[in-house]
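These come from Swiss-Prot:
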type     : residues    : note
DISULFID : Cys4-Cys53  : disulfide bond
DISULFID : Cys17-Cys42 : disulfide bond
DISULFID : Cys43-Cys91 : disulfide bond
DISULFID : Cys55-Cys99 : disulfide bond
Amino acid sequence: EPLCRRQFQQHQHLRACQRYLRRRAQRGGLADEQRGPALRLCCNQLRQVNKPCVCPVLRQAAHQQLYQGQIEGPRQVRRLFRAARNLPNICKIPAVGRCQFTRW
């Protein structure tokens with residue numbers, strides 16, 4: 001976990017992923033977010049992370065959004081974490097698939 005935390009910091013706290021997750025949480029639906037630049041940048045950042053750290057850093061990115069107070073109400077929180085768990089699939093990161101973490 002400390003290793004993953006370090007990776008999180010090295011990759012600018014996955015800022016692009018945080019932006020993508022915030023939009024997904026606030027707006028729900030996929031809409032154009034699936035093709036947006038934030039998602040592309042996010043996937044690029046994610047591919048640079050060691051495989052065992054992919055899910056832990058995504059969890060950190062989701063938590064960072066919570067702490068920043070951008071996410072309101074249980075529905076947005078659920079969407080935030082669902083989107084975070086799905087990112088390895090969306091980014092087609094081999095051998096990671098869907099993350100298993102829950103909210104905490």
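Glycine is no exception: its Cβ is also placed from the backbone N, Cα and C atoms.
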Which same-chain residues, if any, lie at least 6 apart from Cys99 (disulfide bond) yet have Cβ under 8 Å of it: Val54, Cys55, Leu58, Arg59, Ala84, Arg85, Asn86, Leu87, Pro88
Under 8 Å by Cβ from Cys17 (disulfide bond), counting only residues of that chain that are 6 or more apart: Cys42, Gln45, Leu46, Leu58, Ala61, Ala84, Leu87
Integer Cα-Cα distance in angstrom, Cys4 (disulfide bond) to Cys91 (disulfide bond): 19
Residues satisfying Cβ distance under 8 Å from Cys43 (disulfide bond), sequence separation of at least 6: Leu87, Ile90, Cys91, Lys92, Ile93
Disulfide-bonded residues (Cys4, Cys42), the one with most neighbouring Cβ atoms at 10 Å: Cys42
All-chain count of other Cβ atoms within 10 Å of Cys55 (disulfide bond): 21
Sequence-distant neighbours of Cys53 (disulfide bond) in its chain (C-beta under 8 A, six or more apart): Leu3, Cys4, Gln7, Phe8
